[in-house]
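Colleague: Structure provided below as structure tokens; questions to follow.
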Amino acid sequence: MDKIIMIFLLYTTRMYCQLNSQWTTIYNGVYEAKNIYCTNINCIYGFKNSLTNSPANFVNCSSSPQTAILLDSLQMSIIQSQTTLSPLTPNVKKLLLFDVYFTSQWMNDAIDINYDSYYYQVRYTTQDPLYFSQGLCSSIQFEIKTFYLILPYTSSNFTYPIFSIVNPINQAQIRNVHVGFLSCYPKCLSCNGPNMIDCLVWDVIFSRCSLRQSILPNGTCVNQCPIKNSIVRSQNRICVDFKQISFFWSNLATLDLTTLLNWNIIYDPLHLDVSNKKVSPYNFGVFHFREGAYIAMNINSGNYTVGAQIQIVFCNSIPAGSGVSFYVNSTYYGSTFYDGTQFKFDNVNLRDLKAYPNTGQCTNNIFIELDMFFPILQKKFMFIIQGNFTQPNAGWFFRLFTLTSGFCPLNCILCNQRYMCQTCASGFYKVSDGTCSLQYCPADSLLINSICVYYNQETKYSKYLIKEFYDFTVKDTLNATFLLETSFPTDFQKGPDIFWSYLTNKTIFGGKFVWAQSRFSQIYTLDPHHSLTIYFQIIFGPNFPVSPLNYFSYEINNGTEQRVLQSLNPVQIIEKVLTYNPTLTIAIQCYGVDVVDSYCGISNYYIVVHYCKPYCNQCTNELTCDQWMAYNPSVVKVEQSQCLSNQFLDETTSTCEDCPNECLTCFNEYECLTCQPNFRLVSTTCILNCQLNQYYDGTSCLNCHYSCKQCQSSNYCIHCETKSLRYLENGQCICYDGYFDQNNIQQCQPCDKLCSKCSGPTNKNCQACTVLNYLILNGNTCECSNGYYFDEYQLKCLACSKKCENCFESSNSSCLSCHSTQLRVLDGFDCKCQLGYYDNSSDSCIQCPAVEDSSLTSCYKICGNGISIWFNQSCPTIICPSGYNNVNDQCLPICGDLQVVTEEQCDDGNLIQFDGCHNCRFQCPAQCTVCNSTTVFPCLDICGDGVVSGLEECDDSNSIQFDGCYQCKNECQPQCTRCNKGTCTECLEFGWTLDPYNRVCIESCGDKIQVGNEQCEDMNTLMLDGCYNCRLSCQQSCFTCTNIGCTSCTAGFRLIDHYCKNICGDSVIVEGEDCDDGNQFAFDGCHQCVYQCQTQCLHCLKGVCLFCIDGYEVQNGVCVDIHEISIIPYQEQYKPKIIEFCKIFIQGICQECQKGYLLNQNVCQFQRKNEIVKLKVLEALPQFIQFCYFQINAQCIICDKNFELDIFTNTCIPICGDGIISGTEECEDLNWLVLDGCYQCKYQCSSNCEICEFGECIHCEINTIIVPATFQCEVLEICTQPGSYYNQDTNQCYSICGDGVIYQKEECDDGNDIEFDGCHKCKYSCLPGCKCIKGECYRDQINCEQGLYYSFASQSCRPQCGDGIIVQPFEECDDSNEITDDECHLCKLQCGINCLECSPQNICLQCIQGYELVNMTCYEQTISCGNSGCKLCENDLCLTCLTGYYLINDMCYSLCGDGIMADLEECDDANLLNGDGCDNNCTESKNSKCKDNECVVLGSTYSFLEIEKEQSGVQYVKLRYSTKMRLIDGFTQQDYLDNLKFEIENQTDVVFIQIMPKINITYDLQFVDIQVSIEFIKYCQNPILKLRFTDKSILVNQDGAEIQQDILRITLLSSNFLKEQEQKVIKSLIGLNDYMLKFAALLIAISSISGQSEIISNLLDTIQQLYYLKYINSRIGVNLQRFFETFKIIQLTNFFDLLGINPNGSMSSIVSFYHSEYVFESDDRNANYLNNIAQIILVYLIFFPTYFSFKKATFYLLKKIDQLTGFYSNHVLVAVVSAIQKLCLRIQMNNLIESIQAIFLTMIYEFGINTFLALKYQKSDSEGKLGVSIAILILYGVILLLISNTSLTIHIAKSQQLSQQKNNSFTYLCMQKMFFISFIIFFFESSQIQILLCLLNEFQYIYFLYIRKIQMLPSENFKQFTSHFLQFIIFGMYLVNDFYQYQADVLIIIGWNIIGLMSTILFMTLIIDLIKIIHPIWQKCKASKTSELSNNKQEIFCIVENPCNAQRRFTV
């Protein structure tokens, strides 16, 4: 049955709880306590909408962050996670669990779950009303239930459940979705657990794997667990997961240049193939013959055994005996080879063997995956893989190589046995299971003696009884384990059978919605044990009561109840139970209140039983047994002592098993304690202790054959020593050609120089000769052919003299034999003419005449008696002496008789050449310096004479090392590991590789190993990051370049992340800068180091403006408003320019007057008779034509240079394309290319540029980059092909000649710069006289058949495809081209590429679909000629086409790019460029409009949001556009504003949003500036403001284009708002502060009357200091912002408002407003000092008249009082008069200087703010410069006055000391305030520096107060010290505040604290000052009670004794 329909309720799921099995969680979703915002289907947890393939609907909660998946009728949610939900093993079922939150009423409604072909349904009915109102989100009502169901096994690895709601009116949410699977032992169908003994039903009859084998998940037993899938560990003969260190991973199945750089090639010198093996489709291969690859490794760890995983593919049919071998540091470790029937494996493990798809030219492929383990005793080593193939078409290529730590775990640096770490890496703890744990011990372990011991490894026999609630795993045996004894109706709200709930990282027993009061018990039956340990954590709900009545209790074995009160959360419990009782009972109960927030839960629940030994019935510990069970000791073994010494105890089966063969003793089936003889122990492994060149025959180590480096038997080699010049073939180590095997010597000996191959026993036993002209093999000797001799110096066969048949030199006297046909005989080494012949002038033997001719001396013969006669005459008979032969009575010397006679030089009796004497003439070897009778043999071998002699292997006549021959011995570089006659053929050294072209070792750049001439190694291809091609490479601006990049830069640059960035603003012009004027002022000619003129400039040339817009005029290269130019009378201004009645006027000079007028001194005069009348110059300004050079009246005739006349508009327009920027042109690039920065003389960027300035893009769209060379946006070029390098400046791939890789236009690349070696400068190059065909040098002189060429590489004649000559059988054809689809390609016959079936005669029989066969050729099928483009048609064939169509194969087609619109073309602009309005498919480009084949690219505009400010909790955001915009017709500003839809994303009803345009939006182009205010009414963390445009077409740019964006987003600051209760509190505090300020004003008034001016100063100073704290540039809570507003009354502007004076308003029409920061401008502060100084001057202007007026008035009043009489009897009147008199006296005694100081001290904050604002924010105009000058002068003067007021002199008089201290205190106080203000303003951009400096300033002042405390009254000292100490604390809180800028709730808390401190300061100041005022009055009142009236009168008039004195005393 394909579909099982299961309908069940939660209560019917009990049936699944009967299963007793082990579950593992593999998927966890929607469980974390966080909100999820997702806009694509790749969301976290893998949920999506299965109907629309859109993101799932996540429901987020802001009050308590969490998320859930909404289920409604519009959504079907599906899990599509990366996790495989169906493991591959067939014995797996899945358990799906999920929580459902029902948020509406459900009446037996259902949720459907689809899974594969199965369908499930869950029905539920809710209560009414819903049970819960808390616990989900805010006050949402809900009910929660947990559902779980068993999912059957499916064959699909990726089957996902789908959730959907049946009833569309229902609503629900799902959370805590978890999927687990049941895992059994391999081949087990059902089980109680994962072990073999837990299996209940087996799939087949199965037994445990044999000794030293382990089972895989598929049930297969293997000798070694595989590296693949990380199951390398064998545990109880099961391959289990084991995390290893991955030292290296090289995936060669993909073409990755970085990976391939690590690998180097091993070449076969006998079959040299230099083709690139790092190209697709093989990626790394194909390797033929004995080719291979190697990689240098540095594992940097102390592991002894490493593991390697290898994947290779054998290509084509594999010959018998062929395969690959694996080596480590040139030592053989394993191999695989094909024996003709099957593959054999030696020391490697086969993991996979299968057929592999055809790849390139490889067919019949076999894929093999292997792994191997080998010991490593050195951290640095080389891994080598080398083939051994005998057929040229067979080979192999690489697919994967992985190197791991083998049996050593992750994060371990040294292992002492398999799987057990001895030393962990730094920062890791050693764990009892042999692994390493980072920083902390695992949760289920304890730290004992610095080792993390797992609970179940405390003893040898410890095991888990229970292991629950540590992750999300839920077992179906849970309800059977925990028995419910008593329950309460409020518990188990998730379901009656649901005993668990979830935390954010695990499942817990009980918990929320589950357990608050019920009681559970557990009962376990235990096997014999000596103790057990119980671990668990108790978790209490957040509101669990702290009360003796509320607690958690547990009982063990019915013992005492243990109560745990809530204290910590969670509470860790560890109970050690020492018991022998076979039964364990545990009872637990919670005494909570409810399941929402006062519940109980248990997590990390472990019960570990410490068992006795096997078969032990009772014990006290794991080491001993008190009582044994009955067992058969002959079968069962329980102690190691019961086993033999070479056995170990297998405790799983309680039997003795044999140790490995190599072990003497062992402790398990793999690891040894001691070793057998000939083995040695490395860690716990016994490895063979034989020498490398020995083999083990089972009993002893025996020597290999002398030729072997390693062997398997005495006559079978497995590895050869390459330095001995041997290679492996069929188990034998054979000498390379050119060398021979000399018995019992491993090193192969070189053959004679003329032998290319020899066999021994001497080096001259040649089998083949060196390839030389005229050199032949004669028997086993290589010699020159007749007529030639071998020249020892030139090492070649040279021609003999033509007299010689054979010779040893080229001279006539070096013959060894003579030509018989030339009538010559050999005389010593001379070939002379025979008797009767003579030599003529042409060296020919001519017969002598019969008649004697005395001139022919050679025709005479000498008889034996010494007489000379003519040749034809007879000699007298004579007897010749000894040593001569008588020939016709002539005595001829006998050569070889050992007698030296007169005609002989020597006679050694033999015919051996070069032994000193040959043919009775001296003949010596070439190395002999003299050759005569004195020569001593053998001659010394002189190294360097150019002759190879004696023991010399070579002689190159030089002493250059490493050139192939050094000191007459063949020598290669030290890095060469195989040197063949001075030519290197292998470089198996760290960091080196073989250059196959030059046969030398070169540095392997890119292998992470720095050797030789390499300066660095960084494993990338970036050019300017410090290292490129292993050479230091930085920018030109870098001064010091290292391998990590630049460390110092040249002048004008600064170092940023090892990169030199030009310093814009340092007045130094460097690369990358057009200019540098030392400032950042815009429009001053240079801005941001780019030429820039004012916006009013039309033509800007290098920062100098040439032409301005209307209303402006150029002055000194700057546009100046014509209204600001000095006015010149029109008569003067235009007198030399505009002349009335002038006909032709050129540049202000009249050239010709109108008819009737005469030109006289540039004036047209009316000519009337003989009288000349002067006419006035025009006083009106006539109309000029701009850029007109020659103008007649109002018509321009000739335009200025670089302009052309538009006759229709009578205007001069600039000539675009002349290369000169003129008029309104913005740029000139001399081309009409679009999107290159300048088009039609207007700046233009590429279409994917978002922000374009001056034709240069400064911000690109996503997935594009700015190209530095063009400043345009392009898609990043990826240079992955070998030989390609990335150019960051041009974003292009380029080739580098000399890197050895052919790329782009390179014909060849041999990696060197050697001429005539086949390739030079990446072009084919050969020696003169050689024929060069594709880099191969062929010599014409060598006799090869036609079409064959002699190749130096192969040393043979070979054909060359492409020469036009067909050479059978190698070539089938040769058409001299490389066209792929013609009939001949690569010299092989073929039909066209469109041919489906081709005959052997190369005739096409059938075409592919879409083509038809015509004359044995395939042509594309066409439709009938009746198409729209045909003009004339006949017999269904088109003859002619319409305009815009072209006749191709009798059909008419339109051609895009011909400039003619035809057929379906929307446009055709005569090019195939994209983005220029018409794309290459003849359709309109994006943002383009075409009409009548004219296309215009519309300018692109984008909009953006930016945060402007925050004020009183309201955040202000600006909406702006990148270009000017306007409304389209028919729409208003309100329509546009209505189109803007603002909202807080995923939040509702949290803000009030108001949109306010700063300027009216009209139909005219202008920059749009919209201000949006956001006022929060609820708290939001990092809210996102989203703007959606409902109608983007309302607003367009100058081209009529709308913006492309639909939605804008910006992240706002967390909402800064007060809750309702907090608002009430701040309102009360503000009211209280108002009262305190009013009270302060009252105290100031009383103090001014009482004359206590210091109280006034203190109060004003305190209030000002508190208020100006608001200028600290740190975001503060809205409560503190509002509190600051109450202090605003202290500002100077409020004082003027009180007087009805507004200096700011008066000055605004006179001086400019200079902007500063918002916080200053919010207090109406203008940074223009001319405005601010007016306020301060006004204060003093008010002060001086007031001061002197009071002086006069009080003096007059004192005189009047002095004249009063008769009132002293009235006590009240006396008191009043006395008070008035004292007040007047105080005013009279007041010092002017002190008053000025008091005013200055009061005004110092204002003075400082105004001064420093001007210094920081001044402008460079005249007002700014004047204002700054005044500010500096005044500031300088104030500082001088303060310094002059300060005295360091120590005075003796006390009065002078007090005066000095008072002046010093005044100076210090002023400086302290000035410093405070300067820190606030100058460091405004850095709030932390602001605060820290203010802290330091306050600390210094507190210290100053402490020093001068003896000078002040105690009350004043206390007030000052306390006040400033509290301010110091406030600054500290500001510093803390600055670290929480994005947490508004924290800012508000800090704000309350600062408000409290500020209020404390103000209140304390008021109280102390009030006491100071009241105390003298109270003292006076006490004294006045005892005073007499007479005394009062005397007191009144004691001072003014007579008017004259008073007049003199108080005269002002």
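Even glycines carry a Cβ here, placed using N, Cα and C.
Sharing the features that TrEMBL gives for it:
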- 407-437: domain 'EGF-like' (DOMAIN)
- 658-687: domain 'EGF-like' (DOMAIN)
- 710-749: domain 'EGF-like' (DOMAIN)
- 757-798: domain 'EGF-like' (DOMAIN)
- 806-846: domain 'EGF-like' (DOMAIN)
- 967-1002: domain 'EGF-like' (DOMAIN)
- 1029-1061: domain 'EGF-like' (DOMAIN)
- 1-17: signal peptide (SIGNAL)
- 1729-1750: transmembrane segment (TRANSMEM)
- 1796-1815: transmembrane segment (TRANSMEM)
- 1827-1853: transmembrane segment (TRANSMEM)
- 1865-1883: transmembrane segment (TRANSMEM)
- 1889-1906: transmembrane segment (TRANSMEM)
- 1918-1936: transmembrane segment (TRANSMEM)
- 1948-1971: transmembrane segment (TRANSMEM)
Colleague: Between the domain 'EGF-like' (806-846) and the domain 'EGF-like' (757-798), are there three or more C-beta pairs closer than 8 Å, counting only pairs 6 or more apart along the chain?
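Modeller: These two segments touch.
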Colleague: Sequence-remote contacts (6 or more beyond its ends) of the transmembrane segment (1889-1906), Cβ cut-off under 8 Å?
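Modeller: Counting only partners 6 or more residues beyond its ends, the transmembrane segment (1889-1906) has Cβ contacts under 8 Å with 1672-1674, 1868, 1872, 1875-1876, 1879-1880, 1883, 1917, 1920-1921, 1924-1925, 1927-1928, 1931-1932, 1934-1935, 1938.
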Colleague: Which one, 407-437, 710-749, 757-798, has the most C-beta pairs under 8 Å toward the domain 'EGF-like' (658-687)?
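Modeller: The listed stretch sharing the most Cβ pairs with the domain 'EGF-like' (658-687) is 407-437.
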Colleague: Looking only at the domain 'EGF-like' (407-437), how are its residues distributed among DSSP helix, strand and coil?
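Modeller: When I sort the residues of the domain 'EGF-like' (407-437) into the three classes, I find 0 helix, 20 strand, 11 coil.
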Colleague: Residues sitting near the transmembrane segment (1918-1936): Cβ under 8 Å, six or more positions beyond its termini, same chain?
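Modeller: Sequence-distant neighbours of the transmembrane segment (1918-1936): 1658, 1662, 1665, 1669, 1672, 1674, 1888, 1891-1892, 1894-1895, 1898-1899, 1901-1902, 1905-1906, 1909, 1912, 1950, 1953-1954, 1957-1958, 1960-1961, 1964-1965, 1968-1969.
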Colleague: Which numbers of helix, strand and coil residues does DSSP report for the domain 'EGF-like' (806-846)?
Modeller: 3 helix, 19 strand, 19 coil
Colleague: Report the DSSP secondary-structure composition of the domain 'EGF-like' (757-798) as helix, strand and coil residue counts.
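Modeller: Going by DSSP assignments, the domain 'EGF-like' (757-798) contains 0 helix, 21 strand, 21 coil.
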Colleague: Sort the residues of the domain 'EGF-like' (967-1002) into helix, strand and coil with DSSP and give the three counts.
Modeller: 0 helix, 17 strand, 19 coil
Colleague: What are the DSSP helix, strand and coil residue counts for the domain 'EGF-like' (1029-1061)?
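Modeller: Counting residues per DSSP class in the domain 'EGF-like' (1029-1061), I get 0 helix, 20 strand, 13 coil.
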Colleague: Work out, from DSSP, the number of helix, strand and coil residues along the domain 'EGF-like' (658-687).
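Modeller: Breakdown, helix to coil: 0 helix, 16 strand, 14 coil.
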Colleague: Which numbers of helix, strand and coil residues does DSSP report for the domain 'EGF-like' (710-749)?
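Modeller: Final tally across the stretch: 3 helix, 19 strand, 18 coil.
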